[in-house]
Amino acid sequence: MNHISMDTGVEVAVLNDFDILFPAKEDLSLPYRQLFPLITNAANTPFHAILPHRIKENINSLKQVLSHQLGAQFQVLYAMKTNRSAALVKAAAEEGIGIDVSSLEEFQLALTQGVNGRQCSLSGPFKSEAFLTLALRQEARIVVDSDEELLQIQCLASSIRKSARVLLRWNAEQPHTRFGMNKEKLKAASLFADSLSNIELEGAGFHLSGYCPLERGKALSELLDIADALRFGADIRWKAINIGGGYPLRYVEEATWRRFQNAIDKEDFAAGRMPKSFYPYWHPDTMETAVEKVLKEGGNAARLKANRIELIVEPGRALTDGAGFTTFEVLGTKTTNAGDYCVIVKGLSFSFSETWFNSEFIVDPLHLPVSEESTDSFIPVRAYIAGQSCLEEDVLTYRKVPFSQMPKAGDLLVFNNTAGYLMDLLETRFHGLPIPNKVVLDNKEDSFLIEEVRG
Ligand SMILES: Cc1ncc(COP(=O)(O)O)c(C=O)c1O
């Protein structure tokens, strides 16, 4: 583990058994270390760092793959539920992509950050009247979850004399989802939508859980079959198909992921609380190769082009790869009655949410001591990390993380690559604590901006 003194910025190489076991693919915080004293002073801790230039890189790389396969017949949406940072949404707007919005508040934020309303797409099982009304006025696409919702939207659209641009959500035959319609309902809803005034049926879409490109490819082929059947059987022409999100990314290198899978065991977790499964922190595919596979399957790319159907993709997590990190400050350390070391940080695990999903963020945090000490005095330890609240479950990582010296009050712990669902999904003002600031860092590495805090 390399320790970098916050006082001097001097790097001290320390190598022993307690070195970082599972390093991040990239230390995103490294270029900004000289700003840390200023940031912690101005933004307090914990803070989330947002790197908008990184989402731009990801957007461009995805666009490249799609345009190579489909020419101009595609649309990329950023699924804002992943991270509601205004800076990320603004970066998406600057790259000319749209936003998948799931609430009036997300939609309003997208519009204020310069996203074109027609490039937004609404998702969710039922949407509020205010949300739908704004969508109708802005001519956003609405992904309709059920025939019941379709009728509701039609009533609203006709009452304000607007036309709703509609995609119907297919459940892709996933038995355990409450979202979307099965094939029969989807076909019936297509015929029904086509017959309704104030409804412009543009196509259909799905979102699958998991990250398998082959499953997505097969689902897209099936949807293209339905599109063919509707075209030949009822002269209904779809203009667009939305294949949702769920593209992989790599938080760690392959060797690290394999080592993690082989080396980890119950003993490595406080109270033996090892999750049953982990998010795939490394995946054989990247976002780009996954999209290529989806399009290759069953000749999907050629079928989309031949039928002039626009492909919509709405990744969340994969677009935020590398677009942020989270820093906590140590309040103190203790030995629990079970004999484990526990590091308590200022703030809550709601700002780093993995354990709340019965999982664990496998990437080791970086430890930045507040002051330099002689390496002779280092006593390596393994410690788990908890938040400052009175909740037993307020734990950032049950895994006993290796530290080459025991963290102490004022030290910082940096968790890399947290922009995807880890930062703000669960944040609350529990105990009256403030919601952590988001600090926007650009690639010039010499300044920062504090984003307005949203609830
Ligand atoms: C409808 C829809 N689209 C897109 C996404 C984004 O998925 P991911 O972050 O896995 O790319 C989600 C995530 O839940 C979703 O429900």
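A Cβ is built for glycine as well, from the same backbone N, Cα and C atoms used for every other residue.
Small disclaimer: the values here were computed from a predicted structure and weren't measured.
The feature active site, proton donor is assigned by TrEMBL to CYS390. Take the CB of CYS390 (active site, proton donor) and look out to 10 A: across all protein chains shown you find 8 other CB atoms.
Taken from TrEMBL, the feature domain 'Orn/DAP/Arg decarboxylase 2 N-terminal' covers 60-320.
Under the heading domain 'Orn/DAP/Arg decarboxylase 2 C-terminal', TrEMBL lists 322-418.
Residues or ranges marked as N6-(pyridoxal phosphate)lysine by TrEMBL: LYS81. Contacts of LYS81 (N6-(pyridoxal phosphate)lysine) defined by a Cβ separation under 8 A and a same-chain sequence distance of 6+ are given as ASP100, SER102, GLU106, GLY316, TYR421, LEU425, in order along the sequence.
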Which residue counts does DSSP give the domain 'Orn/DAP/Arg decarboxylase 2 C-terminal' (322-418) for helix, strand and coil?
11 helix, 40 strand, 46 coil
